[in-house]
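Beneath this line is the structure, given in structure tokens, with notes to follow.
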Amino acid sequence: MPSAGVERHDGARVISIVGPTASGKTGLGIAIARRLADRGERAEIVNADAYQMYRGMDIGTAKASDEERAAVRHHLLDVIEPSETMSVARFQQMARETIADLKSRGIRPILVGGSGLYARAAIDDISFPGTDPQIREHLEERERTEGATALFRELAVKDPQAAEHMDPRNPRRIIRALEVIEVTGKPYSATLPRYRYVIPSVQLGLDLDRADLDKRIDVRTRQMFDGGFVDEVARLRSHLGPTAARALGYQQVIDHLDGLVDLDDTMADIAQKTKRLARKQMGWFGRDPRIHWLSALNPALVDNAMAVIDHADAGDYDAIDMHAQEYVQHHLGDIRRPSGAGPV
């Protein structure tokens, strides 16, 4: 039984599958949906990868195949043009509307994606304060004339908690903090992400050792090029907006098409940058103490995932999840995970 004062969320949780690129999140999501279907429960996948939302960016983003989409319905794939701008705030609204719609129809949502902030934005207590160009321009001018130290002193008065954990030599963060205070009328520290579900959820993380993950990335990179990635980029390059163009691999292939880099070096560069991205993703997800880490190579992976889901549905993790915020330390963007937490 949950202890007194702990909120109990009865019923099926939203399932969120996270982990580094090439770890097998899509496959696990489909396997879980099928296993739930065997038990008489409908489930559908909600994409939480920023770049898979763009139409036509299929190969370079490792989007679910037609066969995979036929097996389990996917949402928030191919919803915007590459020329459009996608923001995490816009995604949050779309994802929460999709989740609410699915739940209202008795369908369990399974979030799948490698974009850490996007995955959290869908289910966590995260707000995204707007910007004000005039306020920002004024603060930037003050930084040029008065210096970052003066702005930092002002921040220390308006939001001591924010100033305590902020580098006084980082004017960009100081300016953003003062801008948020001016725009919202609230302390900047009050807008920071919190490890608290606003939608009852359970997070499954896929874990691999570095050598196995690197091998998967090398194989996937080769498969991308064998599958027509160069042709995909050639077709899309004139339509890529500033957000879509940041997707890893696309600019590298554009450089190849422009004759700046040969094909072998392009593939090697993409593989190396993907491995670097995977390390960053593991660092990001590793800070969240609520994630249940599962070995991606364990033959019993799906069974283990279902066991975690069943425990979550029964409320067995509620007490831990409710106190997750106490297990981490905020450094205004550098959120550290306690030692000792490892894969399940």
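Heads up, the Cβ atoms here are built off N, Cα and C, so glycines get one too.
Annotated ATP binding site per Swiss-Prot: G19, P20, T21, A22, S23, G24, K25, T26, in sequence order. If you look up Swiss-Prot, you'll see T21, A22, S23, G24, K25, T26 marked as substrate binding site. Feature annotation from Swiss-Prot assigns site 'Interaction with substrate tRNA' to S115, R136.
When the Cα atoms are compared, S23 (ATP binding site) and R136 (site 'Interaction with substrate tRNA') turn out to be 40 Å apart. Taking R136 (site 'Interaction with substrate tRNA') as the reference point, none of the recorded positions G19, P20, T26, S115 has a C-alpha atom within 10 Å of its C-alpha.
S23 (ATP binding site) carries neither a helix nor a strand DSSP state and counts as coil. On the backbone, the CA of T21 (ATP binding site) and the CA of S115 (site 'Interaction with substrate tRNA') stand 9 Å apart.
All protein chains considered, the CB of S23 (ATP binding site) has 25 other CB atoms within 10 Å. Rounded to a whole value, the Cα-Cα separation of P20 (ATP binding site) and S115 (site 'Interaction with substrate tRNA') is 9 Å. Within 10 Å of the C-beta of T26 (ATP binding site) we count 22 further C-beta atoms, all protein chains included.
The CA atom of T26 (ATP binding site) is located 13 Å away from the CA atom of S115 (site 'Interaction with substrate tRNA').
Under the DSSP three-state reduction, R136 (site 'Interaction with substrate tRNA') is assigned to helix. A22 (ATP binding site) sits 13 Å from S115 (site 'Interaction with substrate tRNA'), taking the CA atoms of both as reference points.
Of all the binding-site residues listed (G19, P20, G24), G24 has the fewest other CB atoms within 10 A of its CB.
Listed in sequence order, the binding-site residues from G19, G24, K25 having a Cα within 10 Å of the Cα of S115 (site 'Interaction with substrate tRNA') are G19. Within the group of recorded positions (K25, R136), the Cβ with the highest number of other Cβ atoms inside 10 Å belongs to K25.
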